[in-house]
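> Have a look at this one before I ask anything.
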Amino acid sequence: MDLVLNRADYLQVGVTSQKTMKLLPASKSRATQKVVVGDHDGVVTCFGMKKGEAVAVFKTLPGQKITRLELGGVLNTPQEKIFIAAGSEIRGYTKRGKQFLSFETNLTECIKAMHVSGSDLFLSASYIYNHYCDCKDQHYYLSGDKINDVTCLPVEKLPQITPILACQDRVLRVLQGSDVMYEVEVLGPPSVLALHNGNGGDSGEDVLFGTSDGKLGLIQITTSKPINKWEIRNEKKRGGVLCIDSFDIVGDGVKDLLVGRDDGMVEVYSFDSANEPVLRFDQMLSESVTSIQGGCVGKDSYDEIVVSTYSGWVTGLTTEPVQKESGSGEELKINQEMQSKIASLRSELEHLQYKVLQERENYQQASQSSTAKTALSSISINDKFTLNKDDASYSLILEVQTAIDNVLIQSDVPIDLLDVDKNSAVVSFSSCDAESNDNFLLATYRCQANTTRLELQIRSIEGQYGTLQAYVTPRVQPKTCQVRQYHIKPLSLHQRTHCIDHDRPMNTLTLTGQFSFAEFHSWVVFCLPEVPEKPPAGECITFYFQNTFLDTQLESTYRKGEGVFKSDNISTISILKDVLSKEATKRKINLNISYEINEVSVKHTLKLIHPKLEYQLLLAKKVQLIDALKELQVHEGNTSFLIPEYRSILEEADHLQEEYKKQPAHLERLYGMITDLFIDKFKFKGTNVKTKVPLLLEILDSYDQNALIAFFDAA
C-alpha cells in the first residue's frame, strides 16, 4: 500500500532550533490539534487551523533564543503544559498562554536539551547534566564529551528513574542518580533520542536514537545491559537525523516511525511482522527539518505529519486529498470555501508586498546609518563541518535563513572539492599563488534563486593543516557577507573509536616535559578531530582513533608531564612528532621526544593500502578501455565476440565512469601516502631517501605488491 501525503504550509515563525515544536493533545479522537512552536526570537506561538487559516491562540513577547520545547503535566493525564528552555531559564505556560513557571537553573551554559516527566525535569547544557524534582536539585553529572540530547525511561512503567544521555563521542550514557550505570557505543554521534512508540514500547525500556551521520537504531535499556533491537545504516547518504516521533500515519493500528533530517528529508518507516522497520514514504523539503510530530491539524479526521523547518515554516504532510472530483466526466468545481480562501490569500499577499517594501526601506536606512549596527547580525547561519567515515571526506553544510547569493571557499591548505549530487550551485575556480599568499584554493559557488542550503564535500591530506574559510553572501541589499572558519587538523582523517586491535605492530612516540595535563590536551585537540575541547576529569586519559581512509589505528594516553602515542602507521607518528615539536617550541616548552619504530608495521600498512590501490588501478585501466571497446562494438554491431571481462566493462561503462569521476586524485593520494611512508620509515633512521622517490613511483606505475615490499626492505 502506497502512502500518499500532500503538503500544506501553515505558518512561518522565526528561525527554529531542534525539537522546538509540539502538537497539544486533542480534546477527542481525531479532532484537530493546536500547534505550539518556539523560535530564536524567544517567541512562543500557539495556533490552530480554522477554515484553512492559521488562527493564533496565544503569542508571547520576544526574549532569549528558545533552544527546546517540551510538553508535560501530571503523570497519566493529558500532557498539555508547555515548557521551554531559553538560556539557563525554564518557563512554563498553560495551553491558553498563561505563564505559571519561571525557573532560573543557574547553569553556567545555555540549556541544549530537556526532558519533562511529571514533576521531574532533566536538563543538559554542553557538558553538564542536571536532574531537578519540583525545581529542587537532585542529581548532577559532568560528561566527558558534549551532550546532544537527554531522555528518561517512563517512570510510570519502571521502578526507578533512568535518564539516558546522547553524547558526541558515539556513546549513550545510562545514568542512575549521579553515576553512570553503563555506556552503550552506537553507530555514530547520537544527535536525538526518543522513547519508542512515545512510551518506551511494551517493556518501557525501548529507546530510539538518530545520529548526525544519518543512522537510526533501537536499543532496549535494561537494568543490567543494553540489547540492540535493530539498526538502519545510511545507505542512501541522506542527512543527519534531527528529530524522531512515533505515530500511526499508515492507519494499520501500529505506530510508525517518523524521521526528520538536516538535508530536508522526511521519512516514514512502518514495522513488518518481525518488528523490523521498512521505509514507506519519503519527501524532500528545501531546508532542514528541526521538529516532527504526527497528529491532526488541518482538518478533522485527516491524520498528518507536522514539521517545523530551520527558517521557521510549520508545514503539514496530510492524508487529506488536494482536490475532490464531483463526477467522472465533469470539470472540477471550486466551491465557495475555496473561493473565499483564494480571496483571503490575495489580500494577504498584497499586505505582505506592502510590508516587504516598508521593511526594505527601513533596512536600507538602518544599514546606511553610521551609528546603527548593520542588519547583518540578524541573518542566521546554521553550519556543520563533519567527517564522513564511509568515504573519508568532510561535509560542509551551510544553511541560511534567507536565500544564498554566493559562497566563496578559501583554503590555506591543499584540499580537493568533490562533486555533490544534491548541489545545484555553479562552481568556478580562481587561480591561486600558494607560494606568495598561502592560497591553495579559491572557489565560488553561485546559487540558484531561493537556495537556502548548500552542501560541499572536501577531502584533506593528513599532515597538511590550516584553515578553510567560507564567505557566505545572502541575497539581500545592500550586500553583506559573513565568514565561517573551519580548522583542517594535522590528523584530519582520524575518527574517535572506543576499542582498537592491540595485536597490531605498533610504533610508539613518547613526549615528556614541563607541561600540564590541560596543555597537552589542548595539543591533542589541535592535532585530532572529535576530541572534547574541555580537558576530561581525572589525571590521565586514553583516546582511541581510526584512520577513515586507511583503517590504521592510533592510541593516545597522556597525563601531566608525559604523553604517549601508539600507531601501526609510521606516518601518523611522524606527523605528531613534527606538529607537537613545533607547538612546544611556540610556547617555549622543552620537550624530550623518544620513539620506538616497529619495522613490521611498514609491511602491515602496505598490506592495508594494497586492496585500495589495486582497486583504483583496475578502475583506471577499465575506464581507459571503454572508448576502444565502444568503437569495436559499433564496428562489429554486437559484443558476442568479446571475452566476458570486456563485455562486463561495456555493460558497467556508465557506472565505472561515474565512480572514476567521483574520485579525483584518489590514485595520486594513495601514491602520496606510500611515498610518505617510505620517507618517514628512513627519516626515523636518520636517512634522507628523497632521491629514491622517482624509482618508487616507477614501481607503483607497474604495481606489484611483492616488488613494492622488496623495494621498502632493500632501500
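Positions of Cβ are set from backbone N, Cα and C atoms, glycine also.
Annotations per TrEMBL:
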- 335-362: coiled coil (COILED)
- 21-319: domain 'BBS7 beta-propeller' (DOMAIN)
- 379-486: domain 'BBS7 GAE' (DOMAIN)
- 494-596: domain 'BBS7 platform' (DOMAIN)
- 599-712: domain 'BBS7 helical hairpin' (DOMAIN)
> Are there residues at least six beyond either end of the coiled coil (335-362) with Cβ under 8 Å to its Cβ atoms? List them, or say none.
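Answer is 51-53, 477.
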> Could you tell me how many residues in the domain 'BBS7 GAE' (379-486) are helical, how many are strand and how many are coil under DSSP?
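When I sort the residues of the domain 'BBS7 GAE' (379-486) into the three classes, I find 4 helix, 60 strand, 44 coil.
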> As a quick check of your reading of DSSP, tell me how many residues in the domain 'BBS7 helical hairpin' (599-712) are helical, how many are strand and how many are coil.
93 helix, 0 strand, 21 coil
> Mind checking how the domain 'BBS7 platform' (494-596) divides into helix, strand and coil residues in DSSP?
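Residue counts in helix, strand and coil order: 28 helix, 38 strand, 37 coil.
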> Compute the average pLDDT of the predicted model within the coiled coil (335-362).
80
